[in-house]
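What TrEMBL records for 24-46 is compositional bias 'Basic and acidic residues'. Annotated domain 'SPW repeat-containing integral membrane' per TrEMBL: 67-158, 378-469, in sequence order. If you look up TrEMBL, you'll see 189-316 marked as domain 'Vitamin K epoxide reductase'. Marked as transmembrane segment by TrEMBL: 67-86, 92-113, 120-139, 145-164, 190-214, 268-289, 295-317, 370-390, 428-447, 453-470.
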Amino acid sequence: MTDERRDDLNGEPTDPGARHSRANKRDLHDENSSGKHEDDRERNDGNGDGSMRPGDMMLSHPTEEIWPQYAVISLGVWLVVSPPTLGYESTLMTWGTVLTGLVLIALAGITIYRESGYANYANGFVGLWLVFSPIAFWAPTAAAYANNMLVGVMVITFTVLIVMRSEMEGPAVPPGWSYNPSTGAQRAPLVVLGVFGFFASWYMAAYQLGYIGSAWDPLYGTGTEQILTSKVSAAFPVSDAGLGAVAYSVEALMAFMGDRRRWRTMPWMVTFFGIVVIPLGFVQVLLVIMQPIMVGTWCTLCLLSAFGMLWMISLTVDEVVAMGQYLVRLMRQGDSLWTAFWMGGMISEDESGVDETETRPIGDSPVSEPFWGVSIPWTLLVAMALGVWFMLSPTIFGTSGLMADSSHLMGSLVVSFTVIATAEPARAIRFLNIPLAVWIITVPWLVADVPTIAAINATVAGTLVLFLSIPRGPIVDRYGGWERYATLESVSRLNPLSN
């Protein structure tokens, strides 16, 4: 063996200094590798501190707090035994309810013993089916309708609302916003309007399904009954009033869901809530608007529900915008749309809100906080009043035919777009009143047999609506840069009334 070879048979250096140096390099390599793997895990979690993402927390919570599952099991047992007692008078609905109760019991058991959060949320969909089932089966008795509907609401409450009530970590105000659009106070009006719409629709469904002999209408006599028995209502495969009750119950429940951070912790829920309230809600409003044209009368409860729905749309827009901005933010940081949509994420304290002087303090203004993000400039208020005036003009001026239909339709749409435009993030919606105003001005002079006074009234009202729809009015709050899309300030400057 030569003097130059100083390694042992295992390839390790025999010199103590060299061996110590190599050991240090090996430890450094192991530390770097461990750090790299830890970084990878944190990146997969989506949070820089390695904590669970909100979506993972919502999946784990039902398995950690299991008492709601026993309530669901009790409701399942109730569904199994109650149909014969309550006299459902429908074999199909009876067996459907019994089987649904057994499914509730099975899924709750899986949640408890297999620790499956997915099984718990599957029961939430079973609850949704229970809410819908009375109109799907055309429940022959009021007891059957009420039993399935109320049990379904309770199932959703125990499987979704309660398990999602826990406070998530992190700041609550979206980046660049002056307030939080998801506080309990912000959602309180949505719950109230949803509950009102539910009971109004439930009452009308009771008449439509034959549980009561008449439908009360303080303004239009038998108008409600005519609409509920019209060919338009008969064209639906299920009770359209009952379908409205389902929609309103879902809206009220979804307004309850989650904590004040849900705009970033539950993007999926805010998205579905926005879909139910904004596009589907506006479809409902359009159906009510078409009533005097297609049926020949109005319905008081329908009008009140539709007007409430317009305000629900106005109050929902801000939260949907905040959620959409946060999804874009997560995707720019490397998340896929799928992961960001279902799992949500975190933000740092430094990114939250605007600054201490411009961010509204949560809870300090219980009267005004529910309406943050909504303002009513005098221009929109007058435009709204003109829309109502135009809706009433056929009765006032004695017009009929196409002119009357045009007045009902255009006036209702002016009111609708103006109410939605009171939401500051949706202020640009007011520009949709401009083509409506042009129609209002033009039609009286193209239709025969329109009284001159009615034509002049339409021309004046339409001209006022046109000019009142150009100025944007004051924008009180900050929306993380959304203001430039919501206000279209370059267009607003065209009018001398612009603020």
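Each residue, glycine too, has its Cβ placed from N, Cα and C.
Non-local neighbours of the transmembrane segment (268-289) in the same chain are 182, 190, 232, 240, 244, 247, 250-251, 254-255, 257-258, 262, 299, 302-303, 305-306, 309-310, 312-313, 316-317, 319-320, 323, 341-342, 408-409, 412-413, 416; each lies 6+ residues outside the stretch with a CB under 8 Å from one of its CB atoms. Panel annotation: around the transmembrane segment (370-390), residues 179, 181, 185-186, 188-189, 314-315, 317-318, 360, 407, 410-415, 418-419, 421-425, 430, 433, 440, 458, 461, 464-465, 468-469, 471-477, 497, 499 of the same chain, lying at least six beyond its termini, place a Cβ under 8 Å from a Cβ of the stretch. Outside the transmembrane segment (453-470) by six or more residues, the chain places 379-380, 382-383, 386-387, 389-390, 393, 397-399, 403, 407, 414, 430-431, 433-434, 436-441, 443-445, 491-492, 494-495, 497-498 with a CB less than 8 A from a CB of the stretch. Summarising model confidence by region, the domain 'Vitamin K epoxide reductase' (189-316) averages a pLDDT of 94. For the transmembrane segment (67-86), the residues of the chain that approach it from at least six positions outside its boundaries are 93-94, 97-98, 100-105, 107-109, 111-112, 120, 123, 130, 141, 143-144, 147-148, 151, 154-155, 158-159, 162-163, judged by C-beta separation under 8 angstroms.
Each residue of the domain 'Vitamin K epoxide reductase' (189-316) gets a DSSP state, and the totals for helix, strand and coil are 94 helix, 0 strand, 34 coil.
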